[in-house]
Amino acid sequence: MARTKQTARKSTGGKAPRKQLATKAAAKSAPATGGVKKPHRYRPGTVALREIRRYQKSTELLIRKLPFQRLVREIAQDFKTDLRFQSSAVLALQEASEAYLVGLFEDTNLCAIHAKRVTIMPKDIQLARRIRGERA
């Protein structure tokens, strides 16, 4: 079932207010908490949607530079030892990698939506790659 947007509605009626006796008795028997306030929590999905909007607006790289550079050097080590990289080359690789991943996740999300889900799964990534012709 598709999710629909919830809107606040004014209550038109319901239970009558309780008598004060029950609340006074409960307040006397319960120990004083000293006014400890619960930390504010957003509803599930609110922060995720905010992050989606934030990262769609931004253009900065999302993977940290040094861990990515170590990964590039580790992969390059398998092909040839003692390779040196210009910083601009590593940056170009990172830009291309992030652009590829963003596109893959967009297609993956479309696959999940097509399956009437809102959660992406490994099978969505596999389907997206298969449709693209990257993996048989």
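In case you wondered, yes, glycine gets a Cβ from its N, Cα and C as well.
Under the heading compositional bias 'Low complexity', Swiss-Prot lists 22-33.
A sphere of 10 angstroms centred on the C-beta of Lys5 (N6-methylated lysine) encloses 4 other C-beta atoms. Swiss-Prot lists Lys5 (among others) with the feature N6-methylated lysine.
Taken from Swiss-Prot, the feature N6-methylated lysine applies to Lys10 (among others).
Per Swiss-Prot, the feature N6-acetyllysine maps to Lys10 (among others).
Residues or ranges marked as phosphoserine by Swiss-Prot on the basis of similarity to another entry: Ser11.
The N6-acetyllysine annotation in Swiss-Prot covers Lys15 (among others) and rests on similarity to another entry.
Residues or ranges marked as N6-acetyllysine in Swiss-Prot (evidence: similarity to another entry): Lys24 (among others).
Annotation comment: Swiss-Prot describes Lys28 (among others) as N6-methylated lysine.
Lys37 (N6-methylated lysine) has a Cβ environment of 6 other Cβ atoms inside 10 Å. Residues or ranges marked as N6-methylated lysine in Swiss-Prot (evidence: similarity to another entry): Lys37 (among others).
Lys80 (N6-methylated lysine): 7 other CB atoms within 10 A of its CB, across all protein chains. Under the heading N6-methylated lysine, Swiss-Prot lists Lys80 (among others), citing similarity to another entry as support.
Here Swiss-Prot flags 1-42 as region 'Disordered'.
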Cα distance, Lys5 (N6-methylated lysine) to Lys37 (N6-methylated lysine), nearest Å? 30
